[in-house]
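Visitor: Can you read through this structure? Questions will come right after.
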Amino acid sequence: MFAARFDPTKVVREEPKIIPQKRAIPDDVESSDSDQDIEDGVEVGAVSKEQSGTDVTTTRAVDGKSESDSESESESESDSDDEMNFDMGGSSSSSDDDEVSSKDADVDDDGKHTSVLSRFKKTLSIQDKISALEEANTQDILEDGEAHDLAQIPQPAVVRDKKLQVKDISEMKNTAFRDTRKVHYDNSMTKSFEEYSDDLTPKLLNNIEKYFSKSTFPIQTAMLDQYLKLINFTLKTSKKNFTRRIGDILVNASTGSGKTLAYSIPIIQTLSSRTVNKLRVLIILPTKLLINQVFQTMSQLAEGTSLVITVSKLENSFNEEHKRLLKTEPDIFITTPGRLVDHLTNSSISLRNLKFLVLDEADRLLNQSFQNWIPEVMSKFKSDKFDQMPGSIIKMVFSATLTTNTEKLNDLQLYNPTLFATDSVKLYNLPPTLQEYQLQIPSAKSVYKPLYLLKLLEQLSGGKTLVFVRSNESSLKLEVLLKSLIKGHMTTLQIVVHSINSNNSKAENRRLVTDFTKESLPNQTNVLITTDLMSRGIDIENIANVINYDVPISSQQYVHRCGRTARANKDGKAYNMLVGKGEAQFWKDSIDEDISRDVSGCKPISYNDSYNKVHGDENARTSEPTRDLFTSIDSETSDKYNEILKNLTQK
């Protein structure tokens, strides 16, 4: 009536025989192969049922067995499958259905667990063998190799194709004049202006001889010979295209060589035939001091003509200049870059009829951006001029230290340029009438440098002397110190000292320059201390001496400083005060190396030696005849000097 209850205690399970089924793993097995086997799910155990449903066959992979045992057991796998049976307490195939169902469920669970476990153990077995192989290989490498420090891995030699090599950038920058037509001149090229009487208008020739000179300077001779006849001829044939026949002009000439007159004469000659005043000449200068000088030159050359010459300076009211330019258009407009940009922005002037663009002191103009003036001017050319073809404007670039940098000159878009320069391999030239002196001061006596300056001024005795210092602060300090030494009776001569500095008003600085230009009184030495502000283009007559109290920072700066004297073939002297061996070596390597001097001109000499020769007889009885007499200071002078310094410090 009731089904028999299943008693689990009566179930007797015979432990099945474990028959591992392994694959042979080669010694050089790689991890990728083992991973692939695992991914493919290597079938280690299989579960099968016979028709009676009571026999279940299971195979397991067991660690620890040898490969020979595995092979023998795998061969008898089929025979042992039938022997692996579960004895259900002696029950036969006629047992109850509930007991059979329960038994089948238990067998299925055991089969799944066995399969998963066998795969896990298989994976561990493969990993152990791979790790053993890697350790063995690593050990062999360590035994064979020698331990050494970290070193750079040897690299193969770089194979370079010389055809593809790019030139050094520094070399490319200094090739501005490679494709430029060159005209060389020398100091012997001088003529009488009377020889150009056929090429110059009578008024212009008369003004030249009246206000300037009856003979030319070398750079003037070179330019007038090259362009005067060409200008006159092309103006008669085609006024529109004469600029292309001339081309652009680059001039590298020493200071005081007559550059201003060299470009002013051809310009005035060209405009002498004009009938209506239109802006045809634009002259750009770096400072307002140069503006006054160029304006004076142009006005003197144009005397007796109807040419309108206008200047524009920052000190003038912009609104007044704007109204004046709109009312009367000038023939020649002289200005600075900053004010020029202002007028172009406000349409005060038009460049439609422009024929000449002059850059005086061009190296300074190109080195400084000045409100990005070059792109502004070039852009205005394109918008104003009807003739957009290259060469519609003659660009005239003048400087004593003309740059050779292609990057700077490229913005000017030069057309068929011609370079005028002396036949020298060096960058800059000095006037042949300039005598240079090297004044060497020992480093141990550098504190006496102001006293040596005063001693040098005593030897110069009279005339105008320009003293260059490094900064505005140095100018102020040196002025106070020199005046204190003079008041302290460190000299018996009459020396007047002034300085150009930012503490003075503009009007005060102009007054000082004006007073300095006047003739000195007899037995009086006028000294003007200044920075490099006055080293460019300022033409003050009869400056006898230039003293470089502070060494200039470049050969370019040195040329401009020395150019304030020995102008217009007059004699001049430059004194370089060099402290210690360092400054002397710097002057030799960085300044003197770039400077060319005329073969028949003056050469630098030691002032210490020349002083000893002059004053040697006075000190013939000294116990040290070979000592430097100029730098020798007695104890009384030293004490007096130190006392003055002490008093200045306390103030």
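Every residue, even glycine, has its Cβ placed from backbone N, Cα and C.
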Visitor: If Swiss-Prot is the reference, give me the range from 216-224, 306-314, 540-548 marked as motif 'Q motif'.
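Guide: Swiss-Prot lists motif 'Q motif' for residues 216-224.
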Visitor: When you get a sec, could you say which of 120-123, 360-363, 408-411 is annotated motif 'DEAD box' by Swiss-Prot?
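Guide: Checking Swiss-Prot against the ranges 120-123, 360-363, 408-411, the motif 'DEAD box' one is 360-363.
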Visitor: Centre the Cβ atoms of A253, S254, T255, G256, S257, G258, K259, T260, go out 8 Å, and tell me which other residues of that chain have a Cβ in range of the ATP site.
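Guide: Near the ATP site, beyond A253, S254, T255, G256, S257, G258, K259, T260, sit F217, I219, A262, A400, G563, R567.
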Visitor: Among all protein chains shown, how many Cβ atoms are found within 10 Å of the Cβ of S254 (ATP binding site), not counting that one?
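Guide: Its Cβ shell of radius 10 Å holds 28 other Cβ atoms.
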Visitor: State the residues, same chain only, that lie 6 or more residues beyond the ends of the motif 'Q motif' (216-224) and have a CB under 8 A from a CB inside it; answer 'none' if no residue qualifies.
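Guide: 183, 185-193, 196, 199, 249, 251, 253, 257-259, 261-263, 265-266, 420, 568-569.
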Visitor: Could you pull out which residues elsewhere in the chain have a CB under 8 Å from any CB of the motif 'DEAD box' (360-363), counting only those six or more residues past its ends?
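Guide: Tertiary neighbours of the motif 'DEAD box' (360-363) are 259-260, 263, 283-286, 290, 294, 397-399, 401-403, 536-537, 556.
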Visitor: DSSP secondary structure for K259 (ATP binding site), reduced to helix/strand/coil, please.
Guide: helix
